[in-house]
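First up is the structure itself, then whatever we jot down about it.
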Amino acid sequence: MNSVVTQASPPVYGQVERYINRELSILDFNLRVLEQAVDPLNPLLEKLNFLLIFSRNLDEFFEIRVATMLEHFVQERDIQTADGLSPQEILHQISETAHAAIERQYQILNEQIFPQLREEGISFLRRGELTQAQSNWVKKYFQEQVAPALTPISLDPAHPFPRLVNKSLNFIVTLEGKDAFGRQIDLAVVPAPHSLPRVVRLPDELTEGKEHHVMLSSIIHTHVSDSFPGMTATGCYQFRVTRNADLTLTEDVEDLAEALKDELSSRRFGRAVRLEVNKNCPTHIYEYLLKEFDLDTHQLYRVDGPVNLARLVSDFKRPYLRYEPHTPVIPKILKKSANIFSAMQKQDILLHHPFESFSPVIRLLREAAQDPHVLAIKQTLYRSGANSEIVQILAEAARNGKEVTAVIELRARFDEESNIAVANVLQEAGAVVVYGIVGYKTHAKMILVVRRENQKLVRYAHLGTGNYHAGNAKIYTDYGLLTTNQDLCEDVHRIFQELTGMGKMVKLKKLLHAPFTLHSQLMNFIENEIVLAKAGKPAKIIIKVNALTEVQLINKLYEASQAGVKIELIIRSICCLRPGLAGLSENIRVRSIVGRFLEHTRVYYFYNNGDTRVYCSSADWMERNLFKRVEVCLPIENTGLKKRIYQQGLENYLMDNQQSWLLQSDGSWCRNISTEDQKPHNAQQMLLGDII
């Protein structure tokens, strides 16, 4: 009798098993940021800073992602998410996770950060802790600095509940007595002046050499009765409302800048999505506020401390409680060269920020602005800052008679006003300013300089993974390439033509660009590794990006894993791919690095049977980057630069066992910390010492 051997069928996974929800993955990233506030590797004031970063991130999460999901729910839209969760299910899970995270945030602040700061001589004094002299000083500060800027608003039929600005600090005050007109007033709202600092330092002569601070909220609370003469304030409670801050622009607008200005004014008063109150706020008060803002109880967050932690900043005089100062390195070839053009003619120059200085990029623009042989400068600007040195140099170049073209992305989220101001500065200087393509954000990072040399026109280019923002370049990790490779420079020239003109899609020699060729080529590169793996050859993919959400690429990576391709993903923030699932993704490992610097480099590595492909790009692996943005992907062809990026920018991070987190198959993240028998490896710290 012959025995029949049946082979087990591979597991079949549904949507929820295959994909991690995008919104919940964003929250998970912010939880990793929050854990930095208790990481013993971080100095005390840096721990506090991570608490504030967590607050800012969460504010934006509610303003954009929660607000969008709430709109889907209210409008009963049948949206299709890769994981199959409905808006209602997503909002429920967000609420549970966010409430727990915020409670932990304030627990860390009150039980760890504040006590440790007090041990170092830095205190945030409550009303009952002030000496008489300090109380007198605070009262005078209130009378001279705060009271003149306050606008108390009584709540009665003639004074309806005011429209309060998004994320502003406010107080609701319960009152007894009658006002000057004999009216019985029970409630009033007092908005805190946004122009005043949220933390006020007491004079040294009143603190015995210690660094004592008082919260603005505490000052207003103590003296709020002064704003209601003849009445008694029986209660004063902080609150803060977060509103929908997403902008909606139609594609048929005649003037993008003017349309944006109109939208920006409405952002301050969008639909409420979250209410924060202090824990001492009585039930009848927060229920009243919930009703006024049309919010449900699950959208209420009761916190044990100031409701506006994102603004809890002060210039603390304790440098030893911060990271050691770091001076970015300038490549040797640039130190030796009299001008940057001669250095770039000798070789391509790779810059790895913030370990290497951003100043060579500024130097390129400055020398171009002043060089009589330079004819034209073209640059994309996504986030640069209104007071940017780069913007001033471009304006100077235009005034010097150079042909300056700036492609400014007005719709860079939360930088819209700044970018409108930048556009005005450059237009007044005589530069040509365009706003890119309606319906597609221009996210590519490119500079092109055209210079006359020996009766010929020679092009110089810079391509990068990060914004032309000198401040961000000190805290974000990014790559930039200074090059005179004429194929690359020609490609950059053609993309600028595409952005400023109205022609058809241009054909490029070296660069990949979204929304045209990038996605399809990435699919082809993964397919090539699949073919090699099936042929029994080594196959490997390493991807380092900020986010991975695009379903076609995720499915292609699953296919590659099933074929035996070894895949390492270094994803700082959102990851919708689920690793380690038997029969689907057991050859995929996902890690996230969260540390001193914000990881921002985008690097794609494909083994390609030993003839490695290495790309640096402005694009994350997200639908918006690949299909709704103008992005550039740069091949690194120089063998030495390839090796350097692999060793420093990929392998180094795969070895990290100090700042890394590993994504588990159940969607949770596990801290990857070295054991006693392992040598500690901090990728960012290694780069601080290794960059030459």
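Yeah, the Cβs are placed from backbone N, Cα and C, and that goes for glycine too.
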Out of HIS72, HIS493, HIS600, which is the one Swiss-Prot records at the ATP site of ASN57, TYR476, ARG572?
HIS600
Expressed to the nearest Å, what is the distance separating HIS600 (ATP binding site) and HIS443 (active site, phosphohistidine intermediate) at their Cα atoms?
14
Those residues of the chain, 6+ apart, with a Cβ under 8 Å from that of ARG572 (ATP binding site):
PHE29, VAL545, ASN546, ALA547, SER592, ILE593, VAL594, LEU598, GLU599, HIS600
Which number gives the other C-beta atoms within 10 angstroms of the C-beta of TYR476 (ATP binding site), all protein chains shown included?
19
Using the Cβ center of ASN57, TYR476, ARG572, HIS600 as the ATP site position, which other residues in that chain lie within 8 Å, going by their Cβ?
ASN546, SER573, LEU598, GLU599
Using a 10 Å cut-off on CB atoms, tell me which of the binding-site residues ARG383, ARG413, HIS600 is the least crowded.
ARG413
If you compare CA-to-CA distances from HIS443 (active site, phosphohistidine intermediate) to each of the binding-site residues ASN57, ARG383, ARG413, TYR476, which comes out shortest?
ARG383
Let's check the environment of ASN57 (ATP binding site): how many other CB atoms sit within 10 Å of its CB?
18
